[in-house]
Amino acid sequence: MVFFTCNACGESVKKIQVEKHVSNCRNCECLSCIDCGKDFWGDDYKSHVKCISEGQKYGGKGYEAKTHKGDAKQQAWIQKINELIKKPNVSPKVRELLQQISAFDNVPRKKAKFQNWMKNSLKVHSDSVLEQVWDIFSEASSSEQDQQQPPSHTAKPHAEMPITKVPSAKTNGTTEEQTEAKKNKRERKEERQKNRKKEKKELKLENHQENLRGQKPKKRKKNQEAGHEAAGEEAAEASGPPEKKKAQGGQASEEGADRNGGPGEDAAEGQTKTAAGKRKRPKHSGAESGYKKKKMKLPEQPEEGEAKDHEAPSKGKFNWKGTIKAVLKQAPDNEISVKKLKKKVIAQYHAVMNDHHTSEEELLAIFNRKISRNPTFKVLKDRVKLLK
């Protein structure tokens, strides 16, 4: 769209609105284009259909404007309109309309859009006139197509002979480059995403294989350790039974000697003595082990004076009174803070009972009840004292 400025009043006007502005502004004799700055006197502005773009205006000396396909088609369409104006068989009313149409640079090339544009821009609402104008355009376009078709028919026989050419490496390279250039941004993005997914899968497989390799030696080590332990147990079992076997062998030899009788009786008696000695040894070792067990149990037993305080807890019960007394006796002056006493008693409870069902709130309630209701314990503010 071309814009002009009035040299008389300085108002900017579209090309379509120039005639209206001239009727309002009496001193308007010259119009200048906003983009290129050229001056147009009288009706010369009508020839100024298209002006330079902003890129051409501000691009500099080395700027080369890109040719758009739509512009080329529009110029061909306007050229066709100018040719139709010169034809003699066109009615004067239609010729005037064609002259008005040629002044525009945005003429549609399809029937429905063209007729709608005529109604809005040129204010032509009669359907008969619109049909006449479009019929002239359609006849001109069909005649051009008929003129262009014969050369294509003549060129067909030559095209029927197929020429087989061996594609060279250069042509293959150029075709590949062209196909890559033709790819859209979306296709390139999809290819990148696919490549990333493949790389991630490969990395996962490699990590999985490395983990499997690392796990196999660990399993072997575990199996070896288990084998060593089993071998040690078998060796320990094998070292124990030979005494029994020897004893059984001694008994068998005695029975054989009794059956056979004769000079082997002295030897049999000696064997029985050795077997008896070997039988007595395990008993001695058992007695020693029992003695050691008693020694281990002795430190845990309470003294006679403390026997009443530390009552042996029955199965499934915890001796709250005894543990509280024991903790208070260990404290200086048989006095300790409630917080420390609670911490020690509950820790002892968990160590003895291994009970995970009762909550901490229930344990605290039991602890507070035992302290407050027992007359042997005296609670003063935050401290507990054992009364003698």
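Cβ from N, Cα, C; glycine included.
Swiss-Prot annotations:
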type	residues	note
BINDING	C33, C36, H48, C51	Zn(2+) 2 binding site
COILED	174-216	coiled coil
COMPBIAS	140-152	compositional bias 'Low complexity'
COMPBIAS	179-193	compositional bias 'Basic and acidic residues'
COMPBIAS	200-213	compositional bias 'Basic and acidic residues'
COMPBIAS	297-314	compositional bias 'Basic and acidic residues'
CROSSLNK	K14	SUMO2 cross-link
CROSSLNK	K204	SUMO2 cross-link
ZN_FING	1-26	zinc finger
ZN_FING	28-52	zinc finger
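In the zinc finger (1-26), the DSSP tally of helix, strand and coil residues is 7 helix, 7 strand, 12 coil. H48 (Zn(2+) 2 binding site) sits 12 Å from K14 (SUMO2 cross-link), taking the C-alpha atoms as the reference points.
Counted with DSSP, the compositional bias 'Basic and acidic residues' (200-213) comes out as 14 helix, 0 strand, 0 coil. Secondary structure by DSSP for the zinc finger (28-52): 4 helix, 7 strand, 14 coil. Residue with the densest Cβ environment among the recorded positions H48, K204: H48, by other Cβ atoms within 10 Å. Taking the mean position of the Cβ atoms of C33, C36, H48, C51 as the Zn(2+) 2 site, the remaining residues of that chain whose Cβ falls within 8 Å of it are V2, I34, D35, G37, K38, K50, I52. Taking the Cα atom of each, C36 (Zn(2+) 2 binding site) and K14 (SUMO2 cross-link) are about 15 angstrom apart. Cβ-based neighbour count (10 Å, all protein chains) for C33 (Zn(2+) 2 binding site) stands at 18. Counting every protein chain shown, 19 other Cβ atoms lie within 10 Å of the Cβ of C51 (Zn(2+) 2 binding site).
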